[in-house]
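Asker: Before I ask anything, here is the structure I am working with.
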Amino acid sequence: MTDTKTRGSISLKGSATLVQEFFNFGINSILYQRGIYPADSFRREKKYGLTLLVSTNPKLEEFLNPLLKQVESFLARKALKKLVVVIQEVKTKEVIERWEFKIETEDVNEEGENSTRQKDEKKIRQEMADVIRQITASVTFLPLLETACLFDVLIYTKRDATADTPADWTDSGACLIKDAEQVQLRSFSTAIHNVHTAVQYKPDL
Amino acid sequence: MAFRQQGNSTATTPVSKMMRGLGEVSLQGKTPGSAGKNRALFSKTPTNGGLKRAPLNRRDITPSRAANNVSCAMKYGGDRMIPSRSASQQELASFLMSQSIPNQSLNTSKSAPCSPSKEELDRIKFMKMMRTKSSTEMCDAEDEDRILVFRKNNAPLPPVGHMNAKVLYTTCVQPSSTVKKASRQIPSSAERILDAPNIIDDFYTELIDWESNNVLAAVLGYEVYLWNPDTGEIGLLAEANENTDLITAVKWAADGRFLAVGGDTGRVKLYDPTKNKELRKLDAERVSRATCMVWKDHILSIGYKSGQVISHDVRIKNSVVGVLDGHSQPVCGIHWSVDGSQLATGGGDNLVNIWDAQLLNTRDQDDPHVRLWDSQTGTLTKTLKVGSQVTAIRFNKDYNEMVVGLGRTSNAIKIFKHPSYTEIANIAGHTDRILGLSMSPCGQYVISASADESLRLWHFFKVDKSTQLLQHKRSKFSTLDALR
């Protein structure tokens with residue numbers, strides 16, 4: 001009885017790790033599917049019951065690893081409200097695609113009472129897999145990116161929780177796209193963090 | 001006669017089509033039995049006169065099925081959900097969707113027959129249909145939020161020349177996927193052999209060039225010949241002064257309008273092959289034998305025996321625009337990268353210099369190895385041992401293969417498959433070392449020049465006739481059929 005209880009319970013920290021892991025595969029999937037980097041710089045990895053592609057570009061890893069680490073710490077402090085992958089043209093710097101992960105955090109304590117929620121990890125991974133599957137499928141309706149593009153990662157945080165933000169982060173605008181079209185993808189929940197995914201793109205007129 | 005009337009009533013002139021879209025479809029839906037019956041009769045008379053006046057539409061082509069559907073629904077009395085297609089205005093919907101120009105006759109609202117905002121309305125309708133919404137309605141960051149960016153614009157840039165769009169289309173476009181790799185016959189004998197007397201037995205030269213124009217330029221001693229593979233014509237383009245000006249390099253400009261001819265003294269001349277006329281001389285100070293040349297638009301870069309590389313802008317009087325000193329031995333290979341941003345030069349000093357960046361291949365002259373470098377990262381990706389001196393390398397895009405010409409003692413041509421670089425063919429034909437390789441503009445043929453005083457034409461990269469790729473190339477270049 002107790003065994004099933006501990007297996008199904010999830011803490012804030014554990015949830016942050018799960019969500020961070022999802023962002024890692026999510027961002028890599030976006031970069032692969034949208035062709036930001038050449039396909040041969042990705043290797044296959046089994047995750048969530050899917051075969052996902054993860055970049056092998058050392059410079060990209062150098063960029064993503066600290067980013068994800070700090071995102072995880074924001075998540076564990078309940079400070080992260082949104083994570084946005086912005087895709088822009090290299091030449092014009094025009095934003096042409098925004099992948100938005102909106103995060104709602106449940107009111108839980110870091111330790112002691114009311115610090116865990118019940119949800120089967122298998123179920124969480126299944127939900128994450130569904131979102132990643134949708135990211136993969138989204139290439140069918142998104143316009144082709146015809147010029148070289150680069151990406152940036154934005155986060156929306158609570159102002160009061162950013163006092164000791166690492167120097168890597170600087171203030172920024174929202175990088176919105178004018179008259180964008182938005183497609184809402186699935187959401188997943190770790191019972192602590194609810195993540196809603198959406199993609200906005202410059203319509204191909 | 002009754003058929004004829006029926007035919008007339010369903011004739012699909014644009015107006016009647018529209019009318020039906022608006023009203024008659026639903027009307028027909030209400031009387032399925034009779035309509036179905038009539039149409040079933042109608043289907044047995046394909047040569048009906050009424051039909052000839054207008055193109056068939058879908059309803060006319062498959063009438064019997066619609067009739068069956070209707071009768072089924074009636075028989076089983078709605079026990080199963082069978083979509084009633086006749087009730088929905090499918091044709092109108094698809095017509096409205098596919099019609100990009102606002103069709104005024106289709107605007108059902110009489111009050112605003114040609115409203116200027118029609119297009120805008122259409123767009124909104126389309127967006128609604130796609131269940132998308134404009135992001136301007138979205139509320140973004142709240143006041144107490146902070147938006148932060150991680151190392152702004154510091155994500156690594158995609159490698160030069162990377163095309164995003166290609167990701168979707170990398171499979172099934174290459175002829176190699178339609179022609180079975182295993183069954184492709186690589187001919188082991190030459191398609192044609194041309195006699196090449198007095199060819200200089202020195203591979204620090206560039207004696208044949210075919211690549212950018214469907215005319216082969218070949219240097220035989222002091223003379224430059226042009227051979228047109230379409231017609232088989234051979235013409236003498238230029239003759240240099242014997243004893244003083246051995247010709248050592250030829251190169252077509254990309255559009256095939258000029259031929260650059262470099263000599264032993266380092267002087268390079270430009271010729272117009274259509275008029276057999278010398279256009280200008282390019283001189284530079286203290287130069288030695290021109291060993292190789294490459295064009296990029298109007299820039300001609302020349303590699304010299306001294307190791308120097310000099311770039312000329314052929315449009316201006318003082319043509320020298322750049323001098324690159326990077327080799328202590330003769331320059332033996334010079335190439336622009338695919339995107340034209342970098343120039344790679346290979347020298348007899350076993351160095352490959354990349355000016356302003358990089359390129360993918362290199363040849364090492366004193367070394368029985370082929371080394372492949374990933375120019376983006378600067379790492380050595382592959383070393384192949386081929387057993388003899390490597391004298392020439394060419395890549396074939398269609399098959400992703402590499403052709404290597406070898407020196408003494410094998411005198412062979414080898415073909416390797418990318419990316420594994422397994423040897424798929426070893427062709428021995430020449431009796432002396434290979435001096436140079438050149439690929440035809442269509443990419444199917446390779447010509448090799450050898451010290452055995454012959455040029456041999458090989459049909460290594462046969463493209464499947466059914467592929468569009470070939471069609472494309474046919475239209476781009478004059479056909480090579482005359483060769484066969």
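These residue numbers are counts, starting from 1, taken along the chain as shown.
Cβ coordinates come from backbone N, Cα and C, glycine included.
Okay, these came from TrEMBL:
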- B:1-15: compositional bias 'Polar residues' (COMPBIAS)
- B:239-297: domain 'Anaphase-promoting complex subunit 4-like WD40' (DOMAIN)
- B:1-59: region 'Disordered' (REGION)
- B:240-281: repeat 'WD' (REPEAT)
- B:324-356: repeat 'WD' (REPEAT)
- B:427-458: repeat 'WD' (REPEAT)
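Could you place the listed features in the three-dimensional structure?
Answerer: Taken together, the residues of the repeat 'WD' (B:240-281) have an average pLDDT of 82.
Residues 186-203, 205-214, 216, 218, 229, 389, 391-394, 396-398, 403, 405-408, 410-415, 473, 477, 480, 483 of the same chain sit 6 or more residues outside the repeat 'WD' (B:427-458) yet have a Cβ under 8 Å from a Cβ within it.
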Asker: Within the repeat 'WD' (B:427-458), how many residues are helix, strand or coil going by DSSP?
Answerer: 0 helix, 18 strand, 14 coil
Asker: For the domain 'Anaphase-promoting complex subunit 4-like WD40' (B:239-297), what does DSSP give as the number of helix, strand and coil residues?
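Answerer: Output for the domain 'Anaphase-promoting complex subunit 4-like WD40' (B:239-297) reads 0 helix, 30 strand, 29 coil.
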